[in-house]
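The feature Zn(2+) 1 binding site is assigned by Swiss-Prot to His52, His54, His108, Asp125, with sequence analysis given as support. Summarising the annotation, Swiss-Prot assigns Zn(2+) 2 binding site to Asp56, His57, Asp125, His163.
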Amino acid sequence: MLFALPALNDNYIWLYQRENLPLIIVDLPETDKLFAWLDKQNATVEAVLLTHEHDDHTQGVSAFKKRYPTVPIYGPQECEKKGATQIVNEGKILTANYQIDVIPTGGHTKQHVSFLVDNHLFCGDALFSAGCGRVFTGNYALMFEGLQRLNTLPDETIVCPAHEYTLGNLAFAETVLVDKSAVEKSAVEKSAVEKQRIFVETQRAENKPSLPTTLKLEREINPFLQAKTLEEFTALRKAKDIF
């Protein structure tokens, strides 16, 4: 089971569960909706994963710990002050039922991490559908390196970003991407970006998430994954900042 629980203005709390096992929660922007969902599902929690320190990912930690004091909360070093109980900057996490890969994806924050659980990538604010996070550290090389790590994962990887930013990202992508495959196949055939935009507009009109996405699709529609060099990535990211 994979579920995107809307939170705050445009965040998602991701919940992942193998059948009949306790679930994993990714990021804690708030807890009221989360606790209501957990109660309704009569769910048990195995672990919480924090991708980075920003408040819109961690401000629910205190309330969560009061209700679930024994559940481990994993996160990078920068999340210790936010309430993380287990510090992980890279490597593997072994819980009772899950093996989780921790992938360094800094740049948005210095120690931002992404988590790979089975074939599900929980990438916080590092990678978005058709976009990537702002580089608040100013370290574009760190951000580029992190995205390059994610770009080595298989096509079938299910990508679970933390924000509903897809439509805005697609608008930017349409200005910078040329879909060669569509040109070669037929002048009438819509580009991958345009097709995805139509899908996302339909989803959002029905108040449904545009996510998750897949790495295969992102390789077609995401200019930041297509960037071949640090210079190209940096230029794209700076252009998106003022788009």
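The backbone N, Cα and C atoms fix where each Cβ goes, and this holds for glycine too.
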Task: Neighbours of His163 (Zn(2+) 2 binding site) among the binding-site residues His52, His54, His108, Asp125 (Cα to Cα, within 10 Å) - done: Asp125
Task: Chain-internal residues near His54 (Zn(2+) 1 binding site), provided their CB is under 8 angstroms and they sit 6+ positions away - done: Thr109, Asp125
Task: Under 8 Å by Cβ from His52 (Zn(2+) 1 binding site), same chain, sequence gap 6 or more - done: Gly75, Pro76, Glu78, Cys79, His108, Thr109, Gln111, His112, Val113, Gly124, Asp125
Task: Among His57, His108, His163, the most crowded of the binding-site residues [Cβ within 10 Å] - done: His57
Open item on the list: Neighbours of the Zn(2+) 1 site His52, His54, His108, Asp125: Cβ within 8 Å of the Cβ centroid, same chain, sequence order.
Closed with: Thr51, Glu53, His57, Thr109, His112, Gly124, Ala126, Gly133, Phe136, Ala162
- [ ] Look up His163 (Zn(2+) 2 binding site) in the DSSP assignment and report helix, strand or coil.
- [x] strand
TODO: Give me the non-local Cβ neighbours of Asp56 (Zn(2+) 2 binding site): same chain, 6+ apart in sequence, Cβ-Cβ under 8 Å, ordered along the sequence.
DONE: Leu8, Asn11, Pro29
TODO: Starting from the Cβ centroid of Asp56, His57, Asp125, His163, the recorded Zn(2+) 2 site, name every other residue in that chain with its Cβ within 8 Å, sequence order please.
DONE: Asn11, Asp27, Pro29, Thr51, His52, His54, Gly124, Ala162
